[in-house]
Amino acid sequence: CYIQNCPLGGKRAALDLDVRKCLPCGPGGKGRCFGPSICCGDELGCFVGTAEALRCQEENYLPSPCQSGQKPCGSGGRCAAAGICCSPDGCLADPSCHDEAAFSQ
């Protein structure tokens, strides 16, 4: 499950465990899921609501929490690609996400 929308028991347990990276997605598996319909990678940019992001729906059914991206940004989001901040609800342009170390992988 995405850490922001895990069931309470799962989210509480997440504080004690290492949060894993969300499922890989996109061409060649080079992206990471950021939400049920969002797949982003530093070389790919972001796919929102496209075939490349279909695999990201599987994450909703996995019990352990996941989080993609290194650097927090926006309102509960993480840097997903150059200049892009994503949360499970969507993506926005964010100049703080231009640092290469902030990308998804």
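Cβ from N, Cα, C; glycine included.
Under the heading disulfide bond, Swiss-Prot lists C1-C6 (among others).
Swiss-Prot lists G9 with the feature glycine amide.
Annotated disulfide bond per Swiss-Prot: C22-C66 (among others), in sequence order. DSSP assigns C66 (disulfide bond) to a strand.
Annotation comment: Swiss-Prot describes C25-C39 (among others) as disulfide bond. Over all protein chains present, the Cβ of C25 (disulfide bond) has 25 other Cβ atoms lying within 10 Å.
Long-range Cβ neighbours of C56 (disulfide bond) (same chain, at least 6 residues apart, Cβ-Cβ under 8 Å): C22, L23, C25, C33, F34, G35, P36, S37, I38, C39. Summarising the annotation, Swiss-Prot assigns disulfide bond to C33-C56 (among others).
According to Swiss-Prot, the feature disulfide bond maps to C40-C46 (among others), an assignment based on similarity to another entry. Secondary structure from DSSP puts C40 (disulfide bond) in a beta strand.
In three-state terms derived from DSSP, C85 (disulfide bond) belongs to an extended strand segment. The feature disulfide bond is assigned by Swiss-Prot to C73-C85 (among others), with similarity to another entry given as support.
Annotation comment: Swiss-Prot describes C79-C97 (among others) as disulfide bond. DSSP assigns C97 (disulfide bond) to a helix.
Taken from Swiss-Prot, the feature disulfide bond covers C86-C91 (among others).
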Close disulfide-bonded residues near C85 (disulfide bond), where close means Cα within 10 Å, chosen from C1, C6, C79, C91, C97:
C79, C91, C97
DSSP three-state assignment (helix, strand or coil) for C91 (disulfide bond):
strand
